[in-house]
Amino acid sequence: MCGIVGYIGKRDAVPLLLEGLARLEYRGYDSAGVAVTGKSGGIRTVKAKGRVRELEAQVPKRFSGTTGIAHTRWATHGAPSDENAHPHQDTSGDVAVVHNGIIDNAGDLRARLTAEGVGFASETDTEVLAHLIGLSDADTLEGKVREALSRVDGTYGIAVLHAAFPDRIVVARNGSPVVLGLGDNEMFVASDVAALVRHTRQVVTLDDGEMATLQAGSYRTFTTEGSRTASAPTTIEWDAETWDMGGHDTYMHKEIHEQPEAVDRVLRGRIDDRFATVRLGGLGIDNREARAVRRVKIIGCGSAYHAGMIGAQLIEELARIPADAEPASEFRYRNPVVDPDTLYVAVSQSGETYDTLAAVQELKRKGARVLGVVNVVGSAIARETDGGVYVHAGPEVCVVSTKCFTNTAVAFALLALHLGRVRDLSVADGRRIIEGLRRLPEQLSEILKTEEDIRRIAAEFGTARSMMFVGRVRGYPVAREASLKLKEISYIHAEAYPASELKHGPLALIEPEVPSVAIVPNDELLEKNRATLEEIKARSGRILAVGHQDHPIADETIIVPRNEPELDPILLGVPLQLLAYHTALVMGRDIDKPRNLAKSVTVE
Ligand code: G6P
């Protein structure tokens with residue numbers, strides 16, 4: 001969703017800001033804009049609905065400056081338009097603000113300002129902030145921003161320019177990420193390290209309630225109340241190339257193919273052969289506490305929720321603790337009973353998803369213990385939780401999740417194994433799971449080698465107007481994720497059902513034009529699943545089976561290497577990522593940036 005980039009230094013800010021915005025495109029947006037100030041004084045802005053390249057085309061020839069801020073907007077208050085794009089300015093034009101987040105009391109403030117005679121140029125909540133900063137009597141830009149922020153309720157990551165203070169950018173954070181990038185006599189700011197990493201890997205991540213002043217040669221952090229804070233710089237562990245496409249045509253293709261090494265990374269250094277368990281350094285719960293857990297509740301959104309469903313099954317199977325997963329949004333809206341003996345686990349690739357973050361905050365307010373299974377190190381959810389397991393998938397750029405989904409499922413296997421081994425999972429079973437985990441990277445590589453076959457199957461099945469995905473118990477989350485993936489990038493309607501539920505309704509939809517993808521592992525439910533295949537065939541439904549052996553009744557079978565039954569779901573979904581990919585490719589879809597979707601949904 002919305003993205004912020006800022007620069008102050010000796011170079012022309014405009015190309016740097018535009019390049020930074022391009023790096024944030026993956027998050028999803030509908031308009032973009034840039035504001036600069038330079039030696040000639042005053043602030044100049046250019047804003048445009050559409051892609052960053054459309055903004056670039058509108059930047060006038062002599063539009064330059066050594067200080068600037070820029071933004072990609074995802075519409076919340078007001079439709080996508082040139083006027084609603086950020087930066088927003090006050091009436092005098094001296095102030096420019098870019099903002100991620102939502103000002104909850106914008107309506108009230110707008111009415112009050114309008115009554116005082118202030119004219120508004122946009123429908124956005126952000127413009128209110130620009131006017132409040134412009135109207136402040138404080139002597140310093142920091143003071144003006146502080147005063148304005150004291151009047152707003154809501155979430156924000158902001159960057160502010162002021163014509164009277166051309167030597168600085170003032171930024172602030174409350175619930176929306178702000179990262180400072182420290183250069184050599186130049187400073188950067190962004191809402192996501194992806195926009196900084198080309199220029200510097202030294203960063204300072206602001207906390208909620210923190211502000212900062214950036215000048216070309218220095219930065220200062222302080223609270224919104226004005227007291228100094230000591231935020232130490234950290235080094236980003238990934239280099240800039242990690243964000244490149246590396247010879248693939250899309251990020252999705254690259255990220256699918258990165259899975260063997262990504263899984264290797266989530267396992268690295270964590271396996272403890274001696275005690276047939278794993279070491280999870282950041283978990284923050286000791287063995288006694290782990291034994292006292294009565295229930296595990298997993299919350300997340302989208303693919304993270306589906307990975308959490310796999311996680312819940314792993315925890316039930318390996319640790320024998322009742323566990324379930326629920327969409328974080330549903331959880332937070334239903335005033336859940338928060339139980340002290342339940343271990344809550346928040347799952348998120350980005351660590352920023354607003355619904356998941358808000359659910360964590362609500363849980364913490366009610367005294368719950370919350371762990372995070374998160375990919376982005378130092379992200380909001382990683383910070384808010386009491387401990388957790390980092391997923392170590394590396395940066396994921398494509399809007400739809402592939403390698404992060406797989407790594408999250410593996411991270412849950414580690415958590416489940418750990419919980420199991422401090423309870424009653426045997427050494428033998430611990431070893432069996434460890435051996436299974438070790439086989440995963442190699443088996444993933446084997447699956448990826450079947451891509452050509454899957455491409456052919458995609459051409460055959462991809463003409464469907466609708467598809468049904470079915471699986472039983474371990475296969476059900478796999479079916480759900482595969483169905484989500486297909487609809488997200490191909491826009492083909494797809495439904496996922498537990499195979500056992502087919503006859504209770506959705507069977508009515510089965511006909512030759514509505515093919516089914518059935519997850520049929522060789523586990524204890526194989527016979528039941530075979531019956532499902534028969535049910536579908538009897539209604540002339542076409543079938544793509546995904547399992548461990550050939551199924552002659554199916555029109556096509558994708559055979560996946562067998563692992564331990566508990567771990568099989570991690571592998572069964574991977575060919576279906578490729579199926580979704582090749583289906584969308586044939587249809588000419590914008591695979592990395594599907595319509596209407598954003599990588600990180602940072603609003604309610
Ligand atoms: C968005 C993305 C999904 C993602 C979900 C949760 O909806 O489009 O692909 O699964 O957010 O994101 P998270 O970063 O919390 O895993």
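The backbone N, Cα and C atoms fix where each Cβ goes, and this holds for glycine too.
TrEMBL annotations: computationally assigned, not manually curated.
Per TrEMBL, the feature active site, nucleophile maps to CYS2. If you look up TrEMBL, you'll see LYS599 marked as active site, for Fru-6P isomerization activity. Here TrEMBL flags 2-217 as domain 'Glutamine amidotransferase type-2'. Marked as domain 'Doublecortin' by TrEMBL: 167-257. Summarising the annotation, TrEMBL assigns domain 'SIS' to 285-425, 457-594.
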Rounding to whole Å, the Cα atoms of CYS2 (active site, nucleophile) and the residue listed as 'active site, for Fru-6P isomerization activity' are apart by 10
DSSP says LYS599 (active site, for Fru-6P isomerization activity), in three-state terms, is coil
On average, residues of the domain 'Doublecortin' (167-257) score a pLDDT of 93
Residues in the domain 'Doublecortin' (167-257) per DSSP class, helix first, strand next, coil last, are 14 helix, 34 strand, 43 coil
